[in-house]
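As recorded in TrEMBL:
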type: DOMAIN; residues: 52-144; note: domain 'Cadherin'
type: DOMAIN; residues: 145-199; note: domain 'Cadherin'
type: SIGNAL; residues: 1-17; note: signal peptide
Amino acid sequence: MSHLILLFSLFLAPAFADGGSQKSTQNLCSNDVSHKRQKRDWIWNQMHIKEEIDTPLPHHVGKITSSVRNNNAKYIIEGEYANTIFKVEETSGDVYAFERLDREKKAEYELTALIIDRTNNRSLERPSKFIIKVYDINDNAPVFVQKVFNGSVPEMSPVGTSVTKVTAVDADDPTVSGHATVTYQVTRGGEYFTVDDSG
């Protein structure tokens, strides 16, 4: 029995959707660090920033705040890309990004917040770690996992006979609705063949 060898073109149409971002608030690290056993707290909202922001740098990320009251207090940050990509304004605690971020390269950064006395560099509060999360935008087109998919089907096969399976992937965040959704479409040969959303 002869076989008809098929080669057909597919068009990928990613489903674009704006994923809502949710802000969560958390108090981090309550510590007893004074001889008077006075409770002090680091207080801030969870840090986050959208990737690929198309506005002039730097971009405001968030604010670290301590309940310490000291006229000589100075905020500093340490850790991953501190004082390179991320910098803190030493008196206000405002944190800024000095580069456009790409979630597909790195989705979050871990840093440490410190508050010190600028006159003697002594710590006024125990250091506290925090995370800066990079939120996804739908900025990646899906791509096929291989350049050519070959399919074959016996002649006179009934309608609905499987010919081949194609696969494409999207690098965007699959947890954000629609950002990594891939759909398929036959752009040539559609009078003979169809493709469903599973490929």
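Heads up, residue numbers simply count up from 1 along the chain you see.
Placement of Cβ uses the backbone N, Cα and C atoms for every residue, glycine included.
Break the domain 'Cadherin' (52-144) down by DSSP state and the numbers are 0 helix, 44 strand, 49 coil. Each residue in the domain 'Cadherin' (145-199) gets a DSSP state, and the totals come to 0 helix, 9 strand, 46 coil.
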